[in-house]
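Have a look at the structure below, then the notes.
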Amino acid sequence: MAGRGCSCSPGHLNEDNARFLLLAGLILLYLLGGAAVFSALELAQELQAKQRWEERLANFSRGHNLSREELRGFLRHYEEATKAGIRMDSVRPRWDFTGAFYFVGTVVTTIGFGMTTPATTGGKVFLIFYGLIGCASTILFFNLFLERLITVIAYVMRTCHHQQLRRRGTVARDNRKAPRKGEADSLAGWKPSVYYVMLILCLASVAISCGASALYTTMEGWSYFDSVYFCFVASSTIGFGDLVSSQNAQYENEGLYRFVNFFFILMGVCCIYSMFNVISILIKQTVNWILRKLDSGCFPQCQRGLLRSRRNVVMPGNIRNRCNISIETDGVMESDTDGRRLSGEMISMKDTNKVSLAILQKQLSEMANGGPHQTSTSSRDDEFSGGVGAFAVMNNRLAETSGDR
């Protein structure tokens, strides 16, 4: 965020580090706020439940002439049995093949309900290596799912955009004719907005949750609200384990129900994972906006310094040394805006954010590679030049990630 020549920016904190530290601080505040809210909502209920339990324990001890120590010892044995999968009600075996398949599914998807855990040393050792490969493979599967989902959504939205251009007369209706330059630019540079993609993923997640909740209400006997709650906890891979589907000993049409349950959980995890990654783009935009606001005080003098250094073709290193946020964003606003207008790229943001976010993302990639990309260095295969994980998947596929790392 700071660089030389900017007295209001302490140190040499570049854009990446500033974003990281700001996001870490915001997450810490988010955790503190969440802890305060949940403590206010749940603490009283916990104290009341504990008081009721102590009263029941005392009444049972007096009624059956048992000491509290003996009774607590018996309850500890019950807790150990519960951890081993023993329940008072009739439940299906935890470690038959279908139960083990359900378990490994919760392992590789990182849901981890916790109702089934390995008890043997061999099982625990095998879980470490099995989870290492399984979790990595499943994350790759989720990223590939996200890539194909974004591709399909972009294709559909691009087709709709093309139809709108045809209705407006911007694109020729005769597809046999070669498109004019303006027509090609208006289509080639067009990318779907992250907001529309997020809306589509949100609707898909809601549809899956509603359908699954109706199924769980019928088959598990849960309330509809508890079913919706379970769908989110499972699909987001939080996996508390307070509610777990497909655990009863018998179901009507058991085979079909277990298959549909597996399908709903898998599709729910894929959609929620994709939606989380799209939301992360919006969070990144917010962090960038905060950084620009924090750095706006030193914008005028830093921009003038950048423009002077850009005119000096003999010393391009001045640009890289002045790694102030305003330098990396606003200093090249005019030239990049013209380029984006010529390409016809649509970015669904207000004018103040339209260019600056894309410039931030472009400059991040340039700074990571030691400066603007040159012809001699562009041919090198850099595994991380396009980003890591889901950010790499969505790189240049959405309007708001054009030029992203």
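Here the Cβ of each residue, glycine as well, is placed from N, Cα and C on the backbone.
Annotation comment: Swiss-Prot describes 1-19, 146-193, 284-405 as topological domain 'Cytoplasmic', evidence class sequence analysis. According to Swiss-Prot, the feature N-linked glycosylation site maps to ASN59, ASN65. Here Swiss-Prot flags 95-115, 224-244 as intramembrane segment. Among the features that Swiss-Prot reports, K(+) 4 binding site is placed at THR110, THR237. The K(+) 2 binding site annotation in Swiss-Prot covers ILE111, GLY112, ILE238, GLY239. According to Swiss-Prot, the feature region 'Selectivity filter 2' maps to 237-242.
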Cα proximity to GLY112 (K(+) 2 binding site), best match among recorded positions ASN59, ASN65, THR237: THR237
GLY239 (K(+) 2 binding site) and ASN59 (N-linked glycosylation site), distance between Cα atoms, whole Å: 35
Recorded positions: ASN59, ASN65, THR110, THR237 - member with fewest neighbouring CB atoms within 10 Å: ASN65
Surrounding residues of the intramembrane segment (224-244) on its own chain - C-beta under 8 Å, 6+ positions past either end: 106, 109-115, 205, 208-210, 212-214, 216-217, 264-265, 268-269, 271-273, 276
In the chain carrying GLY239 (K(+) 2 binding site), residues 6 or more apart in sequence that have Cβ under 8 angstroms from it: THR106, THR110, ILE111, GLY112, PHE113, GLY114, VAL233
Three-class DSSP secondary structure - ASN59 (N-linked glycosylation site): helix
Any further residue of that chain within 8 Å (Cβ to the Cβ centroid of ILE111, GLY112, ILE238, GLY239) of the recorded K(+) 2 site: THR106, THR109, THR110, PHE113, GLY114, VAL233, ALA234, THR237, PHE240, GLY241
Reduced DSSP assignment, GLY112 (K(+) 2 binding site): coil
Spatial neighbours of ILE238 (K(+) 2 binding site) that are distant in sequence (at least 6 apart) but have CB under 8 A: ILE111, PHE232
Least surrounded among the binding-site residues, given as ILE111, GLY112, when other CB atoms within 10 Å are counted: GLY112
Reduced DSSP assignment, THR237 (K(+) 4 binding site): coil
Rounded Cα-Cα span from ASN65 (N-linked glycosylation site) to THR237 (K(+) 4 binding site), Å: 46
For ASN65 (N-linked glycosylation site), the three-state class that DSSP assigns: coil
